[in-house]
Structure formats: structure tokens, C-alpha cells
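Structure first, then comments.
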Amino acid sequence: MENSEGVKIESTVVTEEPLISALDIALFVVIITVAYFWYFKRDKQSSSSEKKPYTIQPSSLSSIEQTSNSSFIKKLKSTGRSLVVFYGSQTGTAEEFAGRIAKEGARYKMKGMVADPEECDMADLVEMKEIQKSLAIFCIATYGEGDPTDNAMDFYEWLQNGDADLEGLNYAVFGLGNKTYEHYNEIAIYIDQRLEELGATRVHEIGLGDDDANIGDDFVSWKEKLWESVCSHYGIEETGEESNIRQYKLVDCSEVLPERIFSGEISRLKSYENQRFPFDVKNPYLSKIAVNRELHKSGDRSCMHIEFDIDGSKMRYDTGDHVAVYPKNSSELVDKIGELLNADLDAVFSLLNTDEESSKKHPFPCPCTYRTALTYYLDITSNPRTHIMKELIEYASDPKDQEKLKLMASSTPEGKKEFHEWILRDNRNIVHILEDLPSVKPDLDHLCELLPRLQCRYYSISSSPKVYPKSIHITAVLVNYTTSTNRVNKGVATNLLAQLIPTNDELPQPTIPIYIRRSQFRLPPKSQTPIIMIGPGTGLAPFRGFIQERDYARKEGREIGEMVLYFGCRKKDEDFIYENELQEYVANGTLTKLHLAFSRDQPEKKYVTHLLEQNADELWNIIGEKSGHLYVCGDARSMAKDVHSIIVKVVMEKGQMTNSQALNYVKKMEQQKRYSADVWS
């Protein structure tokens with residue numbers, strides 16, 4: 001990918017003088033030296049950029065506009081604003097919360113704006129004190145193993161490495177996390193503490209949202225108290241004005257030429273027709289489905305082995321990385337919305353930000369048809385949050401429907417209970433709400449503004465690039481379940497993937513947009529290091545890649561360390577995925593031991609955690625005596641927590657340590673990347 005530049009040396013031949021003089025040689029050496037350092041500096045910069053390949057940049061701004069937009073202070077001053085809400089978002093929720101806070105600022109005489117820290121010069125925070133009654137709010141998510149989101153990484157590193165004087169900066173922080181993960185809201189907590197260390201003033205205590213419970217409730221409760229603190233701190237009063245003001249206005253685009261209309265692209269118009277490397281979150285690669293086969297042998301559940309063709313794409317991945325898949329909503333649900341609202345789904349429209357100074361002109365790629373927006377850009381299958389209930393009230397013609405929506409939009413105990421039971425417990429999405437509250441007929445353009453963006457789905461890559469450099473494999477369980485209202489809810493991505501079956505004829509093969517997300521879930525640098533892998537169900541996915549990589553090294557004649565795998569499923573004859581492959585790795589010596597737990601093949605359920613407890617000596621031998629690595633992949637809510645407890649217990653007993661010593665030992669393993677988890681809830 002790097003370019004080098006050749007240098008042409010010319011010399012004039014003079015009578016009775018050498019062809020190349022000493023001066024020529026000296027100049028040549030200087031030029032070569034400069035070229036050498038220029039090349040390797042460029043190479044280093046390129047390598048550095050590859051480590052953070054998913055940096056999101058504005059897709060249609062000139063370099064001059066980008067420089068201008070990077071100064072949020074100038075924008076605040078020029079537009080008479082005093083409130084800026086930064087978001088660190090991986091799935092869009094933090095950005096949504098930031099927008100709601102900025103919108104509500106008007107009720108407290110604080111005109112606000114939303115800002116992406118990646119697109120701002122965060123060093124300008126030192127100038128916030130120049131703006132009267134100014135406030136910076138940070139809605140920050142934590143993901144992975146206590147990692148910042150991609151767009152907050154630079155800001156996080158700036159806080160870590162800098163020592164700016166932030167005296168005079170007033171701030172508040174709301175964190176988005178999940179209690180099933182060990183590093184719960186770690187990034188938000190760090191930012192909250194670090195801003196105070198640098199001299200900033202905390203206007204309101206940090207809020208910690210738990211996505212494993214009801215993060216929307218957590219946010220609303222924190223936000224209400226936030227405004228109380230803001231009023232007290234600045235000596236202001238709420239104006240009482242409602243904040244149900246449209247952020248975007250509808251623009252009729254029926255006269256727009258067809259070639260200027262988005263049809264599902266993530267950012268760049270016609271990007272799927274004219275693919276350009278590099279591929280990332282804003283520019284995914286349209287990959288062909290090379291293989292799609294069923295892994296389960298019987299039963300009513302389905303688990304798919306899918307291979308994405310990346311030949312010729314220049315995409316590279318490492319064992320342990322994730323692949324992001326961009327799904328689309330089912331046409332059945334999309335058509336149902338059009339039917340319920342009596343709307344023309346093929347009408348071309350655009351939503352334009354009413355704030356002319358905002359860098360975000362549209363909520364999704366515009367112009368497009370309503371059908372495109374509902375299919376590719378909007379999340380119509382998740383449970384809507386309470387603010388959507390509030391915005392739907394004005395569209396309800398039946399007083400009973402109005403009262404139900406008002407109750408669910410309120411923060412009263414009765415309202416929270418009703419929302420939890422009717423929306424969350426019964427798993428209603430926007431289609432179900434419109435079906436069950438028939439008098440609610442929102443304008444379709446307003447509904448498009450309210451609904452969150454449809455997000456890509458991440459899968460652990462279940463292959464090694466050493467063995468499969470031209471394809472990416474995933475292992476995915478088909479998600480289908482019946483709700484308490486007797487509706488069948490379907491996973492957006494897995495149900496789409498289930499339909500993408502490659503054919504053997506010359507017809508065009510099915511495709512889907514993907515990109516690679518880097519992970520810290522890595523094999524040890526030395527192939528001789530012993531490892532233990534714990535991955536029940538589809539938690540096996542990354543370990544399939546690990547085993548392939550070690551098997552490749554063994555076939556090359558390199559020494560490989562012990563590989564111990566713990567795998568579990570319901571029944572051996574039903575959902576033992578990749579059975580033949582695993583048995584072959586055991587037979588050829590790549591896989592040292594394969595511990596299997598089939599939970600329903602005997603009267604008493606048997607899980608991998610039971611096997612771990614039984615094999616305490618083996619565990620300690622590898623992670624204690626041989627300084628090996630331990631990996632966990634799968635369910636964070638119970639399995640990963642149970643594994644952690646067992647490991648601490650084994651370290652205590654076999655390492656003859658106290659509980660606190662064992663906890664410190666395991667913590668040190670995590671810091672040394674000897675204990676890694678790739679889990680989900």
C-alpha cells in the first residue's frame with residue numbers, strides 16, 4: 001500500500017576526471033539516506049493507521065471544511081450556544097442520548113449542539129471557560145474489554161497523555177455499559193475522574209447506564225436530576241417549553257434524478273457499484289457468500305457456517321478479529337408499516353437538519369425512498385425507548401391510546417412498570433405498537449426521524465488467514481423466538497444470512513456488506529505457549545481459527561504448545577458443531593485435549609464449568625506453572641462469570657494463595673493479556 005519514490009542521478013563526464021566524483025557519491029548517500037527515512041516514516045505512519053482502521057471521517061467534506069468543523073468552540077461562539085454534548089458511540093445509542101440532551105437544552109435557556117469527539121479538536125476544551133454559562137456533557141459508551149468506542153479513542157488517549165488545564169470547564173458524564181461485563185462503564189468513569197483531575201468542575205454526578213437492565217430508564221432518571229443540578233449551578237429556571245420540536249424537516253425529492261438517490265449505501269453514493277479500498281464502517285465491502293451450510297445435525301434449531309469471499313478486496317484479517325455484517329429488515333415488516341400508515345413507500349424524500357450549523361445534515365443517507373430508509377437505515381425490530389412513546393402521543397386519536405402512551409412515556413413507577421411489561425417483557429417493536437394501538441398514525445417522515453439507525457452485527461471470525469486468506473468464516477445461530485403475544489420475532493442479520501444460499505450455476509451469487517473490526521483477542525506471540533480455550537456453543541468460533549493457525553504452524557515444522565479446548569452443547573447427536581474437524585485435530589496432535597460437555601445427554605445437566613472444576617490440576621499446570629494463556633468466548637451473563645470464579649478458586653487452592661492474592665493474580669493475567677474474554681450478553 002505504501003508508495004516509494006525513485007531518484008534519478010545525472011552526472012556530466014569531464015575530461016580527465018572520474019565518472020563519479022566524491023561529491024557525487026556524497027550527494028548520492030545523502031539522497032538515499034533521506035529517501036530511506038522518508039519511506040520508513042511513511043511506512044510507520046501507514047502501519048499506525050492500520051492499527052486503527054475504522055476511524056470515521058466526514059465522507060463529503062473538503063479538507064478546509066473539516067478543519068473548520070474541528071473547532072467546536074468557534075461554532076459555539078458563532079451560533080450563540082453554550083451547551084455541547086459529545087458522544088462516544090459504537091451502536092448509536094450514546095449518539096441518540098446526546099441528541100436528546102442537546103434538544104432539551106432549549107428548555108433551560110442553553111442552546112445546544114451534538115459533537116463527535118473524533119471530528120473535533122478536543123484541546124479546545126480549555127477555551128470553554130470563555131463562553132458564559134457553558135457546559136460540556138459526555139455520553140460515553142464502554143465496549144469490549146473496557147475499551148473506548150472507535151470515535152472516542154483519540155479523546156481518551158488525549159486525556160491519558162495530556163495535562164491540559166481545564167479549570168473553568170463545567171461538565172457532566174453519562175456512561176453506557178453492561179453489568180454482565182467485567183469492565184462495567186470503565187471508560188466513562190475514567191473520563192469523569194480525569195476531567196476533575198485536570199481542573200474541570202463536575203456539575204452533576206456521573207450516571208451509569210446498564211444495558212443488561214433498562215439503560216433507557218437509567219438515562220431518563222439521570223437526565224432529570226442533571227437538569228436540576230444545572231438549574232442550581234447556573235441559577236436558571238426551566239422555561240416550561242416542551243422539547244418535542246422536530247430536529248429534521250421533510251424535503252420532497254420527487255424530482256431528484258435516480259442516480260442521485262441512495263439505495264442502501266452506508267455513506268458514499270453508488271459505493272456498492274464502485275467499490276474502493278480501504279473498507280471500513282462507512283465503506284463496507286460487498287462480499288459474495290461462498291459457502292452457507294447447516295452445522296446442526298438434527299433438532300428444530302439452526303446454526304450456520306458461512307464463508308464470505310474477500311478475494312481481490314485487499315482486506316486482511318487476523319485470527320481473533322470480528323467481522324461486521326450490515327443487515328437489512330425484512331420486506332414483510334417494511335410493507336406492514338406502509339400498510340398501517342397508508343403511506344407510499346416508494347416516494348423519494350430527504351430529512352434536512354433544522355440546525356443549519358450542525359455537521360450532521362441528515363439522520364441517514366438522503367435522499368432515498370421510505371422503503372429504502374425502513375429497509376436499510378432504520379431499526380424497526382428493537383424495543384423503542386420511552387422518548388418515542390412520548391412523540392407518538394400527538395398522533396393518537398383514541399383517548400385510551402393517548403393515555404397508554406403518556407403513561408409509558410412518564411418516569412412514574414406506574415409508567416416504568418407499564419413500559420417494562422408492555423414493551424420490554426412482551427418484546428414489542430414499532431410495528432407491533434402500531435398494530436396494537438390502531439389510532440396511532442404518525443407521519444412517516446417523523447417516524448423515520450425518531451427510529452434509531454439499524455446497526456451492523458458483529459461476529460467472531462472462525463477461521464485463520466494463514467489457512468483461508470481469501471475468505472472469512474463465521475458461525476451463527478439462527479435467531480427466532482415466539483413472544484408472549486404469540487408473535488414470532490426474528491433476528492435481523494441471521495434470518496437474512498439464512499436466505500443467502502450460493503448457487504452452483506452462473507447466476508449472480510448472493511452478497512452482503514461487511515468490514516473487519518480489529519480485536520485484542522489474540523494468540524500468544526510464541527507458538528510454543530500453552531493455551532486453554534473455553535467456548536461452549538458458538539463460543540467455539542474464534543477457537544476454530546486459533547486451532548487452524550496452530551495446525552498450520554505444526555505442519556510448517558514449528559513447535560506448538562499444548563492446546564486444551566472446553567466445548568459444550570445440548571446433545572452430541574444434535575448440535576456438536578465442527579465435530580469431525582475437532583476430532584481430526586485431536587488425532588493429529590494439534591489439539592492436545594478436547595473436554596466435552598453435552599448438557600442434555602444425561603439426567604443431570606452437565607456444562608463446561610463442571611469440567612473446569614474437575615480439571616483443576618490441569619488448569620493450574622497451564623496457567624500457573626507454565627504461564628500459559630486462557631481464553632473465554634460466549635455468554636457473558638452467566639458462563640463467563642462462572643468461569644472467572646472457578647479460575648480464582650483454582651488459583652487459590654493450587655497456588656496456595658489467599659482470595660485477595662488469587663484475585664490479584666488473575667487481574668495480572670488479564671493485564672498481561674494471558675486471560676482474554678470475547679463475550680456477549
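Cβ atoms are placed via backbone N, Cα and C, with glycine included.
As recorded in TrEMBL, the features of this protein are as follows:
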| type | residues | note |
| --- | --- | --- |
| TRANSMEM | 20-39 | transmembrane segment |
| DOMAIN | 83-227 | domain 'Flavodoxin-like' |
| BINDING | 89-94, 141-144, 176-185, ASP211 | FMN binding site |
| DOMAIN | 282-524 | domain 'FAD-binding FR-type' |
| BINDING | ARG301, THR538, SER599, ARG600, LYS605, LYS606, TYR607, VAL608, THR609, ASP642 | NADP(+) binding site |
| BINDING | ARG457, TYR458, TYR459, SER460, THR475, ALA476, VAL477, TYR481, GLY491, VAL492, ALA493, THR494, TRP680 | FAD binding site |
Shortest C-alpha distance to GLY144 (FMN binding site) - which of the binding-site residues TYR459, THR475, VAL477, SER599, LYS605: TYR459
Proximal but sequence-remote residues of the same chain as TYR607 (NADP(+) binding site) (Cβ under 8 Å, at least 6 apart): PRO536, GLY568, ALA597, SER599, MET639
Fewest other C-beta atoms within 10 angstroms, as judged across GLY92, GLY144, GLY491, which are the binding-site residues: GLY92
Counts by DSSP class (helix H/G/I, strand E/B, coil) across the domain 'Flavodoxin-like' (83-227): 65 helix, 35 strand, 45 coil
Same-chain residues at least 6 apart in sequence whose Cβ lies under 8 Å from ASN178 (FMN binding site): TYR184, ASP210, ASP211, ASP212, ALA636, SER681
Most Cβ neighbours inside 10 Å, all chains, among the binding-site residues ARG301, ARG457, LYS605: ARG457
Maximum Cα-Cα separation (Å), residues ARG457, TYR458, TYR459, SER460, THR475, ALA476, VAL477, TYR481, GLY491, VAL492, ALA493, THR494, TRP680 listed as binding FAD: 23
Residue among the binding-site residues THR475, SER599 whose Cβ has the most other Cβ atoms within 10 Å: THR475
Neighbour-count leader, CB within 10 A, binding-site residues: ALA141, VAL477: ALA141
Rounded inter-Cα distance in Å - ARG301 (NADP(+) binding site), VAL477 (FAD binding site): 8
Count of other CB atoms lying within 10 Å of the CB belonging to SER89 (FMN binding site): 22
